[in-house]
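Taken straight from TrEMBL:
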- B:12-30: transmembrane segment (TRANSMEM)
- B:50-83: transmembrane segment (TRANSMEM)
- B:90-110: transmembrane segment (TRANSMEM)
- B:116-137: transmembrane segment (TRANSMEM)
- B:149-180: transmembrane segment (TRANSMEM)
- B:211-229: transmembrane segment (TRANSMEM)
- B:250-278: transmembrane segment (TRANSMEM)
Amino acid sequence: MKRVLSPLLIGLLATGLIACSKQGPDTQVAVEPTAVAGQLSVGLAISTQNNPFFVALRDGADAEAKAQGVKLITVDAQDDSAKQISNIEDLIQKKVQVILINPADSDAVAGVVKEAVKAGIKVVSLDRSVNGAEVSAHIASDNVAGGKMAAEFLMEKIGGKGNIVELEGIPGSSAARERGQGFHAIVDGKADLKLVAKQAADFDRAKGLSVMENILQGNKDVKGVFAHNDEMALGAFKAIEAAGLKNVVVVGFDATPDAVKAVKAGQLAATVQQKPELIGKMGVDTAIKLGKGEAVDKFIPVPLDLVKQ
Amino acid sequence: MNVQQKATLQKLGPFIALLVLAAGLAITSPDFLTVGNLLNVFRQVSINALIAFGMTLVILLGGIDLSVGSILALSSVVTALMLSHGVDPVVATSVGILAGAGMGMVNGLIISKGKVAPFIATLGTMTILRGLSLVFSEGRPITGLNSDFFAMLGGGYVAGFIPVPVILMLVMFAVFWFVLKRTVFGRHVYAVGGNEEAAALSGIKTDRIKIWVYTLSGAMAATAGMILTSRLNSAQPTAGTGYELDAIAAVVLGGTSLTGGRGWIFGTLVGALLIGILNNGLNLLGVSSFYQQVIKGVVILLAVLLDRANKK
């Protein structure tokens with residue numbers, strides 16, 4: 001009999017463990033067959049919780065779901081696209097009404113997003129878009145606005161005139177395109193402002209350094225630099241420091257911990273910060289609207305912040 | 001109860017555990033026991049099960065294959081590169097699976113002819129092959145695999161509702177069951193795993209058996225890779241990371257002994273289903289992914305500990 005008992009025990013223990021975890025905060029979920037009238041159930045398929053950016057996104061969604069009385073079921077892909085697909089399949093079986101997806105890989109999730117839509121579930125992409133399948137809305141940082149914000153700050157700092165430099169991210173990438181577009185919307189056509197150099201440094205710190213060194217060979221009187229990300233901005237600062245130039249205004253993008261430190265130390269003038277918690281919060285708000293059958297915009301830009309001294 | 005009845009009951013242990021777990025989930029989650037969800041679980045399980053079938057033979061030999069996740073990734077990358085350059089999908093898929101078999105054969109050669117411990121040999125090839133898949137893919141996912149045949153491997157249905165990967169899993173299950181139960185090769189695998197010296201003395205070419213077993217393991221990992229790549233519609237150089245552990249867990253949960261010589265393929269299928277159902281059930285219940293890992297680990301340990309206790 002012992003031999004039959006032990007597997008039974010394993011099974012019971014497994015079920016017991018599941019039952020234990022049901023006392024956790026997000027567990028009233030378990031017993032309801034489908035959403036109770038008026039109560040929305042939303043799945044959040046997140047790419048990873050090993051990165052503070054996405055943890056903040058999840059926290060923002062969690063807090064808003066609690067405030068609004070929405071059942072939020074979070075599944076974590078641990079950066080594995082295959083796991084993310086399984087997770088979303090499970091959410092489809094769970095019959096949630098809306099899935100908020102933060103793709104681990106934009107291409108790989110297209111198939112399962114189509115499956116969800118076919119099952120009558122509204123899908124909203126967060127931060128990263130979905131390639132190859134239609135979603136109800138895409139919520140991400142407003143990179144164009146961020147570029148404008150950086151340009152306006154740079155103008156103000158240099159008094160609206162002088163030579164400026166733009167370090168571009170990987171050409172063709174959406175971040176580089178949009179950040180550049182916002183920046184040019186402000187600086188183009190200003191009589192006293194001259195863009196003496198615009199070169200790609202591929203979001204890379206070492207390339208930011210060498211590209212800036214080359215630029216400084218030809219232009220000693222650079223007043224300001226806008227880099228499409230912090231890595232390039234930090235590289236550019238090294239070049240400026242080595243060239244012995246003072247009071248050059250360098251503005252970066254992303255507010256990485258390194259860059260925030262550099263801003264505090266007075267090396268970078270500012271960096272544009274994304275607001276991941278706000279992306280999560282707006283995701284849940286959009287899910288609520290979709291649940292009520294209201295129309296939502298295809299692209300919902302999330303405002304940014306400027307970190308300065 | 002005679003010895004044979006006891007042995008049969010012990011073999012059925014994992015199966016009973018599976019039924020208990022399924023019953024528990026059916027009670028706690030109303031979404032669990034639906035045809036749609038069960039097909040969904042079987043499809044999710046198929047990738048791990050295919051790898052685990054190959055791993056069962058490796059573990060029956062008393063060996064281990066840590067390189068399966070890397071083999072999966074590299075053969076996927078090879079196939080995806082061919083597909084994206086317009087190679088015929090049947091050719092590309094076959095080459096991918098043969099490439100996986102070749103990588104497995106290299107494992108077998110290093111282990112048998114080079115007399116390297118399987119753990120070390122496959123740890124080395126795991127690292128090399130992962131590196132190569134990053135090299136060939138330049139670290140990026142390979143997309144643009146426009147092929148209906150290839151899309152069907154992971155996403156297609158037979159008779160309108162049974163997923164192709166599930167059929168493939170069941171067919172391979174039957175093949176492995178037959179090979180282990182009914183062929184000379186199968187008996188030799190048990191013999192070598194049970195006592196290598198005795199097997200060699202009784203005229204079994206142990207090196208040849210080992211090479212074949214690792215070759216099969218590589219081919220199965222590559223086959224799983226084809227399904228995964230088809231489902232993702234892209235080959236990811238980082239795909240399959242950690243899959244070796246899931247496969248080993250499935251084999252061990254199924255009652256196959258890590259010291260070799262004892263085990264069966266039905267247990268592995270059940271083990272893979274146990275892990276898959278646990279994943280699915282915990283997702284349906286909305287359990288945090290952090291706790292999911294803890295629970296999975298505890299279940300694996302309990303299974304092994306109870307198995308040990310029974311054998312005393």
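In case you wondered, yes, glycine gets a Cβ from its N, Cα and C as well.
TrEMBL annotations: computationally assigned, not manually curated.
Within its own chain, the transmembrane segment (B:211-229) is flanked in space by residues 46-48, 50-51, 53-55, 57-58, 60-61, 63, 65, 67-69, 71-73, 75-76, 79-80, 93, 96-105, 107-109, 111-112, 145, 150, 153-154, 165, 168, 172, 185, 189, 235, 239-240, 243, which lie at least six positions past its ends and keep a Cβ under 8 Å from the stretch. Counting C-beta pairs under 8 angstroms (sequence separation of 6 or more), the transmembrane segment (B:149-180) reaches the transmembrane segment (B:250-278) with 3 or more such pairs. Under the criterion of 3 or more C-beta pairs below 8 Å, with sequence separation of 6 or more, the transmembrane segment (B:12-30) and the transmembrane segment (B:116-137) do not qualify as touching, having fewer than 3 such pairs. Through the fold, the transmembrane segment (B:250-278) approaches residues 10-11, 13-15, 17-18, 21-22, 25, 41-42, 44-45, 48-49, 52-53, 55-56, 59-64, 173, 176-177, 180, 190-195, 292, 295-296, 299-300, 303-304, 307 of its own chain, all at least 6 residues removed from its boundaries and within a Cβ separation under 8 Å. Within its own chain, the transmembrane segment (B:116-137) has Cβ neighbours under 8 Å at 58, 63-67, 69-71, 73-74, 76-78, 80-81, 103, 106-107, 110, 235, 237, 241, 244, counting only residues six or more beyond its boundaries.
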